[in-house]
Amino acid sequence: MQKSSAREEEEEDEVAAGAGSKRQPLVALGKKNRTSLTDPAIFVAVRSPCTAPLKILPPFSFLYFSPASTRVLDTSCRGVSRAASLVQSFPAVDAYLIDPPAASSRSHPRCGGVRLIVVSERCCCFRREDSTAAAATGAAADVWELELLVPRGGASSGAAGSMDRHALGGGGALEIEKTPEAAEDMESEPALAAAREAERVPPWREQVTARGMVAALLIGVVYTVIVMKLSLTTGLIPTLNVSAALLAFLALRGWTHALDRLGIASRPFTRQENTVIQTCAVACYTIGYGGGFGSFLLGLNKKTYELSGASTPGNVPGSYKEPGIGWMTGFLLSTSFVGLLTLLPLRKVLVIDYKLTYPSGTATAVLINGFHTPQGDKNAKKQVRGFLRYFGISFLWSFFQWFYTGGDVCGFLQFPTFGLKAWKHTFFFDFSLTYVGAGMICSHLVNLSLLFGAILSWGIMWPLIGKQKGNWYSAKASESSMSGLFGYKSFICIALLVGDGFYNFVKVIVVTLKSVRERSRRRGLNNRVADADTMAIDDMQRNEVFNRDNIPTWMAYTGYTLLSVIAVVLIPVMFRQVKWYYVIIAYLLAPALGFCNAYGTGLTDMNMGYNYGKIALFIFAAWAGKDDGVVAGLVGCGLVKQLVLISADLMHDFKTGHLTLTSPRSMLVGQVVGTLMGCVVAPLTFFLFYKAFDVGDPNGYWKAPYALIYRNMAIIGVEGFSALPRHCMQLCAGFFAFAVLANLARDFLPRRYGRYMPLPMAMAVPFLVGASFAIDMCAGSLVVFLWHRFDGKRAALLVPAVASGLICGDGIWTFPSSLLALAKVKPPICMKFIPGN
């Protein structure tokens with residue numbers, strides 16, 4: 001058996017290396033454990049005609065067997081029936097399939113979809129399906145080949161090494177090989193029992209632990225500080241879910257190892273607990289950037305009111321509300337929890353019935369599953385070391401920089417890297433490791449789009465429009481006046497954002513409708529097949545865990561009604577401009593909008609919550625009229641955005657839980673606890689920054705650009721385009737059209753051309769913020785490019801960890817620096833650059 005295993009490893013290496021023969025040797029993918037089977041010692045075998053490697057990810061039920069990741073079209077077909085007929089002589093014919101994910105529509109030229117059929121406790125077989133032929137004929141494809149590894153003696157046999165190998169081709173079953181008995185030192189029954197216990201899915205109450213909630217709180221606080229800093233500087237926030245999962249693994253694995261060294265028994269750290277911690281932490285810091293502290297809530301304050309122009313039509317006196325911990329916390333508590341209950345009754349429909357991919361949720365699940373394997377644990381240790389190393393470097397560098405910022409426009413943050421003339425147009429590298437790390441996480445296209453937008457605006461447009469001072473706009477207008485150059489910056493930025501949002505909104509709606517129509521058509525065809533047959537080939541274990549701890553529907557409906565009533569009562573008290581019936585209309589429409597957004601997010605991974613919020617902003621601003629429109633629009637935007645955004649995020653988390661065998665009850669508890677944490681932590685963090693720094697200064701570091709953008713959109717909703725400066729309407733129309741056309745070109749041109757089209761949403765940010773952070777992010781992109789060029793394998797493993805360390809180190813330094821600012825402790829040195837003689 002040892003020789004056989006060695007031969008199998010060699011054959012697997014041949015497939016991974018891409019041996020070019022038409023029919024590869026039989027490849028044994030190994031022995032895995034399954035909790036749903038009586039005897040889980042299962043061997044898996046497959047023949048593959050593909051030269052591409054077979055990607056193997058743990059655990060057994062999440063293997064990706066098809067390099068093409070093609071969508072399998074049929075659920076019950078002749079091939080499955082023939083496979084079942086082959087194993088009628090074996091006991092316990094519980095046959096079911098594990099589908100490969102349909103993450104990519106581009107199929108491998110040599111591969112079709114591959115489905116695993118597990119038959120009885122100890123028999124496995126595969127079938128290959130020619131998805132192209134199936135799609136062309138609309139019928140099920142024939143089985144190309146089936147392989148079975150059957151233990152001699154049946155399912156009840158304890159011997160793991162005595163195996164008969166069978167094949168099924170066009171002529172039926174044929175025994176082709178018998179393997180010898182296993183050696184004495186192979187896996188024993190105690191080892192199998194231990195493995196079964198390790199794979200045991202704990203009850204949902206054991207998945208939610210006190211230590212996990214403490215870890216989630218610490219991670220949530222750290223990331224709330226980071227995302228709050230990003231929201232109040234540029235408003236551009238990269239995806240941090242991967243690093244949150246890594247930190248959750250680091251915290252609990254370190255804790256359990258420390259207790260083990262002290263000789264204290266502790267509960268094993270499972271993937272389910274890891275998932276709940278990650279969910280709770282993400283729910284906490286999501287409030288930090290989704291709660292509106294850098295956008296619609298901050299847009300209500302007096303400084304933003306003044307920046308928009310006190311004399312601007314529609315920006316009526318008194319249409320502001322200064323930030324306060326009390327009312328902000330109350331607003332978040334009354335609006336954030338409703339989104340958790342909106343789509344709760346539809347979780348099974350979206351995750352199981354529709355089989356939506358939710359790519360971000362799937363990626364997080366694959367990451368967590370990978371952590372909890374021997375190889376994954378080894379890789380996680382490397383990632384943790386990389387994270388801690390660069391966290392320390394980033395933190396110490398930020399601490400060092402602080403000593404040179406003892407005045408206005410001082411320090412490395414204002415270093416004229418490309419000369420003083422370029423510095424005046426914001427083209428300089430400011431040594432911000434936060435944005436270098438963000439650039440390492442974001443794609444090259446995003447970073448280059450940022451740079452393109454910076455060059456177009458600060459390098460070309462603003463200098464040219466500035467020369468029209470006294471012609472296009474008053475020579476007396478200040479740089480921050482909406483009737484001057486700043487008005488062009490603000491409204492052209494809005495045009496790009498709205499154009500990009502409009503296109504993607506329509507795109508997601510069209511994709512959603514086409515998907516629903518196609519699903520309905522397929523359901524009509526599949527009605528000819530018995531439901532029992534369809535269920536027999538589903539992924540039973542994941543679905544069984546997902547459905548086992550059911551959440552009562554009445555609880556979701558009752559909770560939604562009660563929370564809506566609370567919001568209808570409290571929000572008009574907080575904002576007199578918002579009528580009670582505005583809130584009722586928002587909460588009546590929001591569930592339908594939430595479903596559309598959650599469905600579209602599952603298909604495209606684009607959460608359109610912000611775009612739904614912008615639509616609500618224009619509607620409520622126009623509805624409320626001139627006197628109340630700005631405040632009503634901003635608050636209405638927050639109501640709809642919070643509900644739609646959080647409901648889609650919850651479906652992402654349910655997808656992660658489905659793939660990690662985590663109970664939906666524990667996931668919901670993690671979301672509720674994390675949201676409660678965020679509603680308390682986020683306002684406190686915001687006020688720490690708000691009191692310590694000059695938040696909202698368009699010429700400073702803490703620009704908070706989206707606060708002004710959202711307020712100006714509300715003004716447009718009230719006054720229409722009459723609020724725009726001279727010729728600004730034409731420029732806005734041109735950039736709106738450019739945003740739509742750029743997206744059309746990206747989607748419909750051949751990929752070799754379309755992939756180079758810039759992203760309008762990314763282009764828009766430097767229009768208002770400046771070019772320096774775009775240069776930082778391009779520096780991060782360059783680091784990733786070179787790292788992959790010279791050491792691709794190591795880069796793929798460590799880039800997310802290193803980037804997260806850079807972001808966290810610099811971000812965490814913001815906390816002590818703000819405390820020093822509140823204590824009136826100023827840096828001792830001002831490093832400033834001036835022209836020479």
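Cβ coordinates come from backbone N, Cα and C, glycine included.
Keep in mind it's a predicted model, so treat the numbers as computed, not measured.
The region 'Disordered' annotation in TrEMBL covers 1-21.
Taken from TrEMBL, the feature transmembrane segment applies to 208-230 (among others). Within the chain, the transmembrane segment (208-230) has long-range Cβ neighbours (under 8 A, six or more residues past its boundaries) at 236-237, 240, 244, 247-248, 251-252, 255, 267, 273, 276-278, 280-281, 283-285, 287-289, 293-294, 434, 438, 666, 669-670, 673-674, 677-678, 681-682, 685-686, 689, 807-808, 811-812, 814-815.
Taken from TrEMBL, the feature transmembrane segment applies to 276-298 (among others). Sequence-distant contacts of the transmembrane segment (276-298) (same chain, at least 6 residues past either end, Cβ-Cβ under 8 Å): 207-208, 212-213, 215-217, 219-221, 223-224, 226-228, 230-232, 235, 237, 240-241, 244-245, 247-248, 251-252, 304, 323, 328, 331-332, 336, 364, 368, 609, 613, 617, 634-635, 637-638, 641-642, 645-646, 649, 653, 656-657, 662, 666-667, 669-671, 673-675, 677-679, 681-683, 685-686, 695-696, 704, 706-707, 709-710.
Residues annotated as transmembrane segment in TrEMBL: 387-405 (among others).
Positions annotated as transmembrane segment by TrEMBL: 425-441 (among others).
The transmembrane segment annotation in TrEMBL covers 448-465 (among others).
The feature transmembrane segment is assigned by TrEMBL to 485-513 (among others).
Outside the transmembrane segment (554-574), and at least 6 residues removed from its termini, the chain residues within Cβ reach (under 8 Å) are 327, 330-331, 334-335, 337-338, 341-342, 344-345, 580, 583-584, 587, 591, 635, 639. The transmembrane segment annotation in TrEMBL covers 554-574 (among others).
Look at TrEMBL and you will find 580-600 (among others) tagged as transmembrane segment.
Long-range contacts of the transmembrane segment (668-690) within the same chain: residues 204, 208, 213, 216-217, 220-221, 224-225, 228-229, 232, 276-277, 279-288, 291, 293, 323, 325, 328-329, 332-333, 336-337, 340, 344, 551, 646, 650, 653, 702, 814-815, 818-819, 822, each at least 6 residues beyond the stretch ends and with a Cβ under 8 Å from a Cβ of the stretch. Positions annotated as transmembrane segment by TrEMBL: 668-690 (among others).
Taken from TrEMBL, the feature transmembrane segment applies to 728-745 (among others).
Per TrEMBL, transmembrane segment is recorded for 765-788 (among others).
Look at TrEMBL and you will find 795-815 (among others) tagged as transmembrane segment.
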Six or more residues out from either end of the transmembrane segment (765-788), which same-chain residues have a Cβ under 8 Å from its Cβ atoms?
233-236, 417, 425-430, 432, 435-442, 444, 446-448, 450-451, 453-455, 457-459, 489-490, 492-493, 496, 703, 705, 708-709, 794-796, 799, 803
Contact set of the transmembrane segment (485-513) with the rest of its chain, CB cutoff 8 A exclusive, min separation 6+ beyond the ends, reads 307, 457, 461-462, 465-466, 469, 473, 477, 479, 596-597, 599-600, 603-604, 606, 608, 610-612, 614-615, 698, 705, 708-709, 712-713, 716, 724-725, 728, 731-733, 735-740, 743-744, 747, 759-761, 763-765, 767-768
Ranking 425-441, 448-465, 580-600, 728-745, 795-815 by the number of C-beta pairs under 8 Å to the transmembrane segment (387-405), which range is first?
795-815
Can you name the far-off residues of the same chain, 6+ from the ends of the transmembrane segment (580-600), with a Cβ under 8 Å from a Cβ of it?
338-339, 342-343, 346, 350, 354, 356, 508-509, 511-512, 515-516, 560, 564, 567-569, 571-572, 606-609, 612, 616, 620, 623-624, 632, 636, 639-640, 643-645, 647-648, 651
Outside the transmembrane segment (448-465), six or more residues from its ends: residues with CB under 8 Å to it
236, 425-427, 472, 485, 488-489, 492, 758-760, 762-767, 770-771, 773-775, 777-778, 781
So what's near the transmembrane segment (425-441) in sequence-distant terms, Cβ-Cβ under 8 Å and 6+ beyond its ends?
226, 229-230, 234, 236, 238-239, 393-394, 397-398, 401, 412-418, 447, 454, 458-459, 462-463, 770-773, 775-781, 783-784, 799-800, 802-807, 809-811
